[in-house]
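Asks: Taken from TrEMBL, the feature domain 'Peptidase M28' covers 73-266. The annotation transmembrane segment is assigned in TrEMBL to 288-319, 339-364, 376-398, 420-447, 468-491, 511-533, 540-562. Annotated domain 'Endoplasmic reticulum metallopeptidase 1/1-A TM' per TrEMBL: 335-555, in sequence order. Feature annotation from TrEMBL assigns domain 'Endoplasmic reticulum metallopeptidase 1-like C-terminal' to 569-792.
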Amino acid sequence: RGYLDNITAIGPRTVGSPENEVLAVNYLLEQIWAIERESTDAHNISVDVQRPTGSFSIDFLGGFTSYYANITNVVVKLEPRNGAELAVLSNCHFDSVPNSPGASDDAVSCAVMLEILNTLSKSSEPLQHAVIFLFNGAEESILQASHGFITQHEWAKSIRAFINLEAAGVGGKELVFQTGPENPWLVQAYVVAAKHPFASVVAQEIFQSGIIPADTDFRIYRDFGNVPGIDLAFIENGYIYHTKYDTSDRILTDSIQRAGDNILAVLKYLATSDKLTKSFEYRHGNVVFFDILGLFVLAYPARVGTIMNYITAAIAFLYLSKKVLQPKTRAIHNLKEFFTAFSLTLLSWICTLVTVLIVAVFVSVIGRSLSWYTHFYVSVFLYGAAAAAELVLIHTLVKRFFYKGMNEQYLGDTFFDTSLMIWSIALTVITQLGICSAFICTLWVAFPLLTKLMIHREFSEKGASMKFVMMYMLGMFVPYLYMMYLSWTVFEMFTPIMGRSGSEILPDVVLAGFIVVFTVILSSYFINFIYLVKSTKATLITLTTVFVVTLILVCSGIFFPYSSDAANPKPKRVFLQHTIRRFHDLDGNVVKSDSGIWINGFDYNGISHITPHVPEINETIRTPCEEQAPFCGLPWILPVHFMFRLVKNWYLPAPEIFPRRPILFKVLSKELMSRNSVRLSFEVSGPSHMSVYVRPHEGSTLSTWSLGDGVPVASLGGDYFVFYSHGLQATPWRFWVELMVPEKHSDGVVSLAIAAHYFFGEDQKSPQLCALLEKFPNWTFSSGWSCTYDLFVF
């Protein structure tokens, strides 16, 4: 714990700042040298401080290119006294986002790695392979330091596997949410070695689908190093991730101990494993893996899972066909009744989803979005009760009017078989798509089918007896328990993300959709009880009352979305940038300039809750888009413009700022490469973080440049985005762009803008910005900095 407290005591550690490049690096080196002095003779410890410069393109956030210069990595190699040819890598990052102490993201992981290094170095048993500990100093600048290490460091070639330690929350259990690619032996290593396992292939497939706007160094090692690995992250309490509240005192000692136990055990296992030597022999195949309530992990090859899934589905289809097609004289009638029930079930699900989403849209339109952000139970009472009530109502009406007078046991049996058929079809389709999460469908086919076969006599008895209900519940216990456990994990991850997902997405619609899906899944084998019981009146009245009362309370505004509770804050995120903008014409003259504080609310609510506290931030200062400029003429630090509606941006006029270290932008040369190709070369110097935005004019094409692999990658919308950061003592940044141009181009061939971001030091916050930040209520996390924006036309 001492390591963690000391790292976070340095304060925010932004790339390029003395805190990150000097103080944090010096502290890490002091601790590593102290560990080296205490190590046993069985080991050899080598230390290297790497300061790489490089560039790469990435398809994260719609696609952009990154350039870094003189950033910092602290690399330690622990190996047997006689050396080792191969190594396993453990990665953390000690940098943080601006204005956050970054305890969970990712100082705690670096603290854990220091303790593991200390423990391993004092062991008298030599390891078979080397363990490389990478303390990387530029992850928050979009994975730059890991790229510098894996593509340039001499030790990188020896690495055969890695463990990446990350955070999407503050403390709790660390979740294995990515493995591979392929290399099933890595999952098996975690299964065998981890003392407190928490892993899910469902989380992996959700994360890799791209619906979560985040990425980790895992991608860099996988894509640029061709190395397989394991990605772990703390996921609890994501509400304060990347905020000033991410402090060391919020991370429980038990959480640190648990992570240390797991990672030490897995690293030790890998460093003594023969499979590391022959990893290429075990590289093929995916794995289905999931933990059982955190007690142990089940893992098996995906091809075995595919066979199991198809066998399970085949048995279910065989049972259903036998049930429906016998006796032969009633086969057609049975088929008709079965597919009628099948259609009604699907229709009830669709109607429920549409109805609940309409409620979610209504709540959003009236300005009550995120009412559940601080009180999650509100979403369950509002959307969960509405979904359950809708399902019960539809099937009650179907029973009363469509199936009037029909045998209740027959209807109950039919609708049970209908749910079994739907799950069997889902299992077949999802397995065919190669999705490993199909194992969930297997649970929902196998256990209900076994339950039905075990108590088939009770199914035919009149009424739902207590014995029948108890046996039924017992048979369904496993899939229901696992689904509840999985839903808790999903909501733990997703609910906080809704507070930082931008203004384009309606968070209530997303969460309501999730709740409907889980309600449908959990109710799928209880629909049949609606046809078995005499009345659903009490259930309907209860659910409807809960929904209506909650809706009235939500509409009244009684549930405030955010919380300033010192023990458990759930703040609203707001970014403020004191900006000066200058727009130049083709001759280099400034044709327009302005200065102001650009304000971004990071959730759908925008500034509606802030205006009463800061009246000058109101609807009259909305930002118009500068159509002629890339990215609307706004100084985005990252290409996340697609996450924000322009009508939810605000620009408060403010005095001009004069940074002590202004950006210096030079055109070095303009060369005609061929009849219709021109190369423009530039030199830029400025603060540690800069963004370049490029928009070729109509008829022009950006064909190549000196960045990344030379192939320009366009962002969403068609403009090009380059993210730049540097450490200390970086030389001026030189780059060139080459364009294919038309013969006539009186208005120029390209618009190029450059923004400078001042994240630390004297230039970070102007007096006006500080004064405005002071006015924000304590339930906000307002992160502010100064920046400049210059647009040029060539």
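First residue shown is number 1, and so on along the chain.
Glycine is no exception: its Cβ is also placed from the backbone N, Cα and C atoms.
Describe the structural context of each listed feature in the structure shown, including burial, neighbouring residues and relevant distances.
Replies: Proximity of distant same-chain residues to the transmembrane segment (288-319), defined by a Cβ-Cβ separation under 8 Å and at least 6 residues beyond the stretch ends, is recorded for 173, 176, 179, 184, 187-188, 190-191, 194, 196-202, 420-421, 423-424, 427-428, 431, 434, 436, 438-439, 441-442, 445-446, 449, 453, 481-482, 485.
In the predicted structure, the domain 'Endoplasmic reticulum metallopeptidase 1/1-A TM' (335-555) carries a mean pLDDT of 92.
Within its own chain, the transmembrane segment (339-364) is flanked in space by residues 371, 382-383, 386-387, 390-391, 394-395, 398, 402, 411, 414-415, 417-419, 421-422, 506, 508-509, 511-513, 515-516, 519-520, 527, 551, 554-555, 604, which lie at least six positions past its ends and keep a Cβ under 8 Å from the stretch.
Same-chain residues lying 6 or more positions outside the transmembrane segment (376-398) and placing a CB less than 8 Å from one of its CB atoms are 344, 347-349, 351-352, 355-356, 359-360, 363, 415, 491, 495, 511-512, 515-516, 519-520, 523, 527, 530-531, 536, 539-540, 543-544, 546-547, 550-551, 554, 559.
Same-chain residues lying 6+ beyond the ends of the transmembrane segment (468-491) with a Cβ under 8 Å from its Cβ atoms: 175, 200, 202-203, 206, 235, 292-293, 376, 440, 443-444, 447-448, 450-451, 454-455, 458-459, 461, 514, 518, 521-522, 525.
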Asks: Do any residues, 6 or more residues outside the transmembrane segment (540-562), come within under 8 Å Cβ-to-Cβ of it, and if so which ones?
Replies: 359, 363, 366, 368-375, 378, 381-382, 385-386, 388-389, 392-393, 396, 570-572, 605, 609, 779-780
